Amino acid sequence: MASRCWRWWGWSAWPRTRLPPAGSTPSFCHHFSTQEKTPQICVVGSGPAGFYTAQHLLKHPQAHVDIYEKQPVPFGLVRFGVAPDHPEVKNVINTFTQTAHSGRCAFWGNVEVGRDVTVPELREAYHAVVLSYGAEDHRALEIPGEELPGVCSARAFVGWYNGLPENQELEPDLSCDTAVILGQGNVALDVARILLTPPEHLERTDITKAALGVLRQSRVKTVWLVGRRGPLQVAFTIKELREMIQLPGARPILDPVDFLGLQDKIKEVPRPRKRLTELLLRTATEKPGPAEAARQASASRAWGLRFFRSPQQVLPSPDGRRAAGVRLAVTRLEGVDEATRAVPTGDMEDLPCGLVLSSIGYKSRPVDPSVPFDSKLGVIPNVEGRVMDVPGLYCSGWVKRGPTGVIATTMTDSFLTGQMLLQDLKAGLLPSGPRPGYAAIQALLSSRGVRPVSFSDWEKLDAEEVARGQGTGKPREKLVDPQEMLRLLGH
């Protein structure tokens, strides 16, 4: 057993950890059987990465997993990121609920790691800690005028209409005629779709009451989605594009010039990209049939894709009090395939608008000074989920690989981290002896005046939300105030 541990240790993600003296047996190997009896593991974050990691860890017949969450409610971006008109995507909540109901899994909400309890304190209490807290921030534009009223991140806008407590004060001003979204990914299309969807089509979704009220008063008629590169480089997927093309009451605006010569180029691209580009090409260049032409002619709203444009400045209104447009540099592409990049041509153009939404990516934050963090890439440095130079510390999801991919991508990624952890456990590479787990953390939290929310507490809040939605035909009316949630629970 000792030699097996030794070989693995030499090739691990933790190469600069001090090795045991020659001929000695590390204590974590010596006590392997004790440790394996009841491994105590904690997961930080209850979104898809957290729950899928926990699900895999529970394959160990004795492992106990505690999931800590900053919000009083679970499910992360499934609750706060998935668009309200995509309820089918939220069905994964049923799987996560089954995991939470395991007798060896516990959810503890209303606990902010890094503030209420530190990562070193968690590492003292558990055999292993997995950081799965996602990407809570957005990438800044870093251009003049970004701070003007009328400019916000798509992430904050999504959080606002989905009931994320920290975004409920956003109050976006939708009194303008034109909105510009900087970015051409699925989040950008979600935001455009919500802005242009007739409000009555959202009435039976779980969009918040406040957001629906603001959208009913919206005067936004045109939404532009701006990208630095061309049609072959868009980041959205065909399902979301098809929804936009078929959006009731809205017509697409695509410039055929942007698609010149594209027919030959798409022959060599992978099939999903080819199908997506062909749909764009048809929409831009083919004359619609009579029914579609009539639908577009009667549309009161429009959306368009502006390619080969890079934002340089948010332009202020004459009084300087709010955003009134975006100055764009015209670009051209250099390089091939993955190395293709947009370079400015020297030409500029101004795009008037009253609302600017930045959708150029999410970004993770460092959670604790004791945890390594690559601020440039926005991830925790790791090898297959093992945090570099910190034995017993792991990561999964967006904080592990960056904010890309769909829920299925996160599932695969999280299962891999769980697999690595269980391998290390079996090899005796984690701390030996019993660990107190939640009992120790509960005492710390109690001494600090923090009252965790259990999964059964969440189910009471869930029932309250469903009951509030029934009167208006909604699946639920989300609670958006953490203090109200805690009051309802008697905390």
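A Cβ is built for glycine as well, from the same backbone N, Cα and C atoms used for every other residue.
Database features (Swiss-Prot):
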TRANSIT   1-32  transit peptide
BINDING   A49, E69, L77, V113, W398, G405, V406, I407  FAD binding site
BINDING   Q184, G185, N186, V187, R228, R229, E240, G405  NADP(+) binding site
MOD_RES   S310  phosphoserine
MOD_RES   S317  phosphoserine
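Everything Swiss-Prot records as a feature, shown here on the structure.
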{"residue": "L77", "record": "FAD binding site", "DSSP class": "helix"}
{"residue": "V113", "record": "FAD binding site", "DSSP class": "strand"}
{"residue": "G185", "record": "NADP(+) binding site", "DSSP class": "coil"}
{"residue": "R228", "record": "NADP(+) binding site", "DSSP class": "coil"}
{"residue": "S310", "record": "phosphoserine", "DSSP class": "strand"}
{"residue": "S317", "record": "phosphoserine", "DSSP class": "coil"}
{"residue": "V406", "record": "FAD binding site", "DSSP class": "coil"}
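With respect to Cβ neighbours within 10 Å, the binding-site residues R228, R229 differ, and R229 shows the lowest count. Long-range Cβ neighbours of W398 (FAD binding site) (same chain, at least 6 residues apart, Cβ-Cβ under 8 Å): A49, G134, A135, Y362, S364, T404, T410. Comparing CA positions across the recorded positions G185, S310, S317, the one lying closest to I407 (FAD binding site) turns out to be G185.
Nearest in space to Q184 (NADP(+) binding site), taking C-alpha to C-alpha distance over the binding-site residues E69, L77, V113, G405, is G405. V187 (NADP(+) binding site) sits 11 Å from V406 (FAD binding site), taking the CA atoms of both as reference points. Cβ contacts within 10 Å of V406 (FAD binding site), excluding its own Cβ and spanning all protein chains shown: 11. Ranked by Cβ neighbours within 10 A across all protein chains shown, the recorded positions Q184, N186, S310, S317 are led by Q184. Sequence-distant contacts of V113 (FAD binding site), defined as residues of its own chain at least six apart whose C-beta falls under 8 angstroms from its C-beta, comprise V44, Y68, K70, V119, L122, Y133, V367, D368.
Sparsest Cβ environment among the binding-site residues E69, E240 (other Cβ atoms counted within 10 Å): E240. Closest to V406 (FAD binding site) by Cα-Cα distance, out of the recorded positions N186, R229, E240, S310, S317, is N186. Ranking the binding-site residues G185, G405 by other CB atoms within 10 A of the CB puts G405 at the bottom. Taking Cβ-Cβ distances under 8 Å and a sequence separation of 6 or more, the neighbours of L77 (FAD binding site) in its chain are G47, P48, G134. Cβ neighbour count for I407 (FAD binding site): 17 (other Cβ atoms within 10 Å of its Cβ, all protein chains included).
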